[in-house]
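Here's the structure we're looking at; comments come further down.
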Amino acid sequence: MKEQNESFVVDFVGGAVGHRFRSGEGRGQALPKAAGFTKGRTPKIVDATAGLGRDAFLLASLGAEVTLIERSPGMHAHLADGISRALEAGGAYAEAASRMTLLQGDSRQLLKELSPEVVVIDPMHPPRHNTALVKKEMRVLRELVGSDPDQVELMEVALAHATKRVVLKWPLRADPMPGIRKPSHQIIGKNTRYDVFMIFGNSLDQQE
């Protein structure tokens, strides 16, 4: 994301996102592993808290069809602009962006209609003064998106309607989300952990 005076643009081609894309770290990264990517399997994913769209773009660049849901009209407009410019950039950027479908609305309602295989949820967390969350872009994002007081309800809806798994992106040392069952397993990143909730009843998922 590039800053422009008092505003910003979502940028999937340049900056940190472009660097991450060009590095080609692939399916071995923590998020793709948590989402169920394997050598021969690419899941269909709903990013229920799209935000900056970075995670969705990473997953789309690895071949997944990703539906992004953003309830903030302002953030939705920034995401639409970012996807449009990635399409215009051509090549692998356009290929990844072509797999991204952007919806504006409340994930708690839309998930019931989509019945997704995999849901990724990254709630807005309280700011931590010694992390990148104090950066201007994150402050602006917080102003656009606000807090997520309904994050527990969103998790409950996701667990009720996902067909394979739900992935909760959570601060590494934070307590578990209250009121939600224990995750099936966790994938640990540098500063983040991914709590993975398998939706049992699918024999393939139970073997993963």
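In case you wondered, yes, glycine gets a Cβ from its N, Cα and C as well.
Note that this is a predicted model, so its numbers are computed, not measured.
These come from Swiss-Prot:
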BINDING   Arg54, Asp55, Glu70, Arg71, Asp122  S-adenosyl-L-methionine binding site
Protein Cβ atoms within 10 Å of Glu70 (S-adenosyl-L-methionine binding site), excluding its own: 27
For Asp55 (S-adenosyl-L-methionine binding site), which DSSP three-state class applies? helix
Going by DSSP, is Glu70 (S-adenosyl-L-methionine binding site) part of a helix, a strand, or coil? strand
Pairwise Cα distance maximum in Å, S-adenosyl-L-methionine-binding residues per record: Arg54, Asp55, Glu70, Arg71, Asp122: 17
